[in-house]
Amino acid sequence: MGTIGVPLTAHCVVLFLLQMVALSTEQFTVNGLESPVLVPLGGNLELSCQLSPPQQAKHMEIRWFKNRYSEPVYLYRNGKDLNEAIVYKYVERTELLKDDIGKGKVTLRIFKVTSVDSGSYHCFFKDDKFYEEHIIEVKVTATSSDIQILMHPPNSTGVRLECHSGGWFPQPHMEWRDSKGEYIPATSKSHSQDENEFFNMTMDLFIKSNSYWSAACYIQNFVTHQEESISFVLPGTKVLLLKNIQSIFQSSSVDLEKKDMLLKSIKSRFQSSSVDPEKKERLLKIIQSRIESSSVDQETKALLLESIQSSIENSTVDLETKVWLLESIKSSIQNSSVDPETKELLLERIKSSIENSTVDLGTKEWLLESIQSSIQSSSVDLGTKKMLLKIIQSSIQSFSVYIGTKEWLLERVQSSIQSSSVDLGTKELLLEIIQSSIEGYSVELGIEELLSKIILSSIQSSRVDLGIKELLVKICQSSIQSTSVILETKEWLVKIFQSNIQSSSMDLETKVWLVKFFQSSIQSSSMDLGTIKWLVKNVQSNIQSSRVDLETKRMLLEIIQSSIQNSSVHRGTKKMLLKVIQSSIQSFSVDLETKEWLLKIIQSSIQSSSVDIGTKSMLLKKIGLILRSSIVNPGTELLFQIIQSDLQSSSVNTETREMLFEITQPTVQSSSVNSVTEELLEENYQLLLQSSSVNLEAENILNDTTQRILQLSSVNQGREKLLLDRIQQILQSSSVNPETKCWLLKRIQFILENPSVHQEKKDLLLERIHLILQSSSVQKETKSLLLGSIQSILHSFSVQKETKYLLLEKIQLILQNSSVHQETKDLLLKIIQLILQYSSVHEATSKLLLERIQLILQSSSVQKETKDLLLNRIFSILQNSCVDQGVKYFLLNIIHPILQKTSVHQETKSMLLDRIELILQSSSMQQETKNHLLDQIEQILQDTTVHQETKDLLLNRIELILQNSSVQQETKELLMDKIDSILRYTWVHQETKDLLLNRIELILQSSSVQEETKNFLCNIIASILQSTSMHQEKKKLLLGRIELILQSSSVQQETKKLLLKIVQSSSPSSSVRLESCNKRNPFWKKHALDLGISVFAIIVVTLIRHLNQREADQHFELDTLWSKDTSVILCVLIMFNNRLKALIYFRLYGYSPPGKTYKYIVNYILRFSQPLFFIVYSAIILVMHLQIQNTDSLFSLYNSWMVEMIMVLGLLLAIFNVKNIATALLHLGRTTLRLFRIKD
């Protein structure tokens, strides 16, 4: 059972690819930083922008520019940084960070920012024709805190102050203000800029005597709105009066009533806003010294404190006065020389002020600060501190105290706990207050948050020693585990722990205590499930939080692992922890390293023998839910690595593997599976195939599964594409062993051969084959295997014609692609050659392949080298005697349409003609093949649609063949025959014949041509000249070439002799002799004999008819005689003389066309007149014969003889001139019927 686990799961892993959904990102938006972005002058600027939705941007154009599109700050295109296109002022000052370009995110970095770098920056993405941009506003700024006020020596009128500050950008706003914050006009202002573009500001103020006692210099940056200021206080003088007031209070001789009046006066001064603050400060110093003095009686002190309290509580008293009052209280409390009764009076006043709702919050804050400083002071005795803490505790727990006051109280407690200057005993007292407040029912709910803040900040603070932190954690732990504490309180206590764990400022040791607390609480059997739920939630949030450091997360994950694997932990707790794992894996916010640890927990739990089967079952169910979830993110790829390692691991038992298979099966069948999950799963499939640890049997099962997937009609096309992508990657990978590739290619072959598989799927598969063969990164051995499969597919009878057509289409595209390696093309062409050489290959397949070859050769986009390779293969096919003659015929039939097309490149035609030459010169080539090739050559030269330049190239090759001594004589004779037939054909273009005669002339002039070849060529010339069917114009052209050859000195004597013999042997032919020797003789001299015979025959026949008619008392009609009998005789004569035919035609119709028109009409008569005349006149005579009733007359006998003669002549003509008769019948028309005027 252990060995079956891998194949079963591999099968399931591949089936999972059925749920893949192809993603396409045709459009996008660009997001980036919010404007404005502030950057310090001279610093470095980073501007980021991101494609939404995230997608690959390597292939896109990424352009950063400021004002003009054509002036880029940075340009990235086609995967390259185009530094030469950058504007000169940004050269070597910018760089593009492309770490996340796969997600569509880039960052522009500008070094040493200057003032000109301010402005709008455009982040521009362009994909093909679609583009988007995001604009970011950048503002360069600089702020300085270095402000100085210089006082010049005073004079009789006043004093001059000078405020100076440097290091600002842009130019800031600068002004003077008085103590009340009101604007004072400056005497003068000035500014300057240094070499770094920073502004240096200077401002003067002249203060007259007794006008202002203080002034402040304010500077504000317009961009950041940041303010900096410095104050200057002029020295005061009125001190004597204050000294007198102090002596009154110290004197025991002054009665209490007077002191009371004085205090009221002081109080009114304190509460008055018109009194100079300096005077108030002096008064307060007097009061403070009296309170602290032991010589002052208790009643006086009470009066003093009462006046202070009323001033503090009075809302009309300004804040500065109150601050001074409270400072005096604070120093009195902290003064060890002050007696306890006085301190107690002070604290009572403080408490009543804190609890008084009419006292403003600012005053209470100052009071609480005084309490805090007193608690923290080591000079304050423990009894005083206890009294202070009682005030705090009673105030916190009191419902009458405002919540804001309690907040400040607790903040003071917090600062005291965190202070290193506070002794441990004081801190323990403070912690007791916190604990009693947490566990107390009388504390209102708002205080819980305040207490949590104290605990949180105290635990996080590095200033708090570990002992106090441990005490705080214990307080929280005991409160959480206490049944008397309500659930809401426990909830916020757990939140405290969570925030402490997430804090980056928290030291590791404290976090260890917190994590141990979580572990003990989760694994505790006495803990209620509600509390555990909150604890688990916090563990989850800490794991998923990006603020928690990795080490803390690792500790939390160890808790989860130990809890899952611990048999004593409740099942419900384990379920909650597994949910945490599931949600964390699925979460986008969780980093990959955390997920990796989570999955290691899963892996160790699955592989662990100590974990019970129930826990494993729950764990695997969660894996199934993750796989089937539509919210899985790319980080989940780690899960598939775990599945893969578990399948390959020998430590995983069979039962666990079976469960893994059971949870994977419904995942494959689920329609809600996310496309990312599908892609990850099929990547895992690829890794399994590529892995050397997976045995061949498992790979075979995986490939079988692939085959079945692609054959199913219900499989989504997008998912098929993803599967095919992986097949392509496997075949392209050099790490995959050849056996795996071989198995995979067999499955591909089976798919293509299967007629039940949809044609679209086959097309997708063939598209991948196409890409693999085009790729230069694919190994030659892989390509050879693939091409072997292609060969067997085309060779197979069971493969559908459409599939073969698609495959051949892909082959054509590969051969046409200039980026494909030439070696790959050579391999492909070898396959083509082998296919065509097989006699068992279906004829339809061969035809399809030959069509593709024709298209490749005709295509202008195919490289010359590729065509050369292809033609070499064709040549070797034609040379092979084993190849079926029908296939060779097909190949040769390609030549004509290629040469015929004007769109085919001339270079391609030249290459093809080179091969024709080689074929005809080859001694190993079968004669039958050569015959068929020569037929093709003949057709090409006869074809008027073939370009003249192409024919010229062909005739060049014929010339070279005839001149070549290595060419067999039989081949040359065949070629000569074709030349003969071309020259004889009347429909062959004259220009073509002229080209051919040029070549004949060159051949006969050449000394390298064999004598035997020349003899054969001369015999052809002789036969042409002696032929009666050959047109005189052709003979003229031929004789013209002979004349040039005989005149040439370069022609051998033997050749000339041969030609002269031909001319002499052709001399008996009257037509040739007369045409060549006496070109200027008139027409009647050339045809005198024919004309004489014709006239004599007409006279004889006319006399006989005249005598016959006289005997029969008939009226003689010359027109009737001409139209019946004479025309018959003329018809016989016309049959033997071409010129006479033309003469009769032109004379009868009274028309003699000039020039070429005459020539064309003569050619027309030559072709069609003979059979037409005889057919027409035979029909006329036959009708006449049937109309004659007197059978005894000579006329009847004459007509009978004429009918027989006409019929015999017509029969002979039909036998020897079948082709002309057929042509005449096809071209029968009115003009031909009217050659002679026939009358009844």
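A Cβ is built for glycine as well, from the same backbone N, Cα and C atoms used for every other residue.
Remember, predicted model here, so these are calculated numbers, not experimental data.
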Recorded disulfide partner - CYS123, candidates CYS49, CYS217, source Swiss-Prot: CYS49
Annotation match for N-linked glycosylation site in Swiss-Prot, from ASN155, ASN356, ASN964: ASN155
Annotated residue, N-linked glycosylation site, per Swiss-Prot; candidates ASN314, ASN335, ASN566: ASN314
Swiss-Prot annotation, N-linked glycosylation site - which of ASN200, ASN817: ASN200
CYS49 (disulfide bond) to CYS217 (disulfide bond) - Cα separation in whole Å: 41
Under 8 Å by Cβ from CYS217 (disulfide bond), same chain, sequence gap 6 or more: ILE147, ILE149, CYS163, SER165, MET174, TRP176, MET203, SER229, ILE230, PHE232
Taken over the topological domain 'Extracellular' (1227-1240), the model's mean pLDDT: 36
Counts of helix, strand and coil residues, the domain 'Ig-like V-type' (26-141), according to DSSP: 12 helix, 60 strand, 44 coil
Residues of the domain 'Ig-like C1-type' (142-231) by DSSP state, where helix covers H, G and I: 0 helix, 53 strand, 37 coil
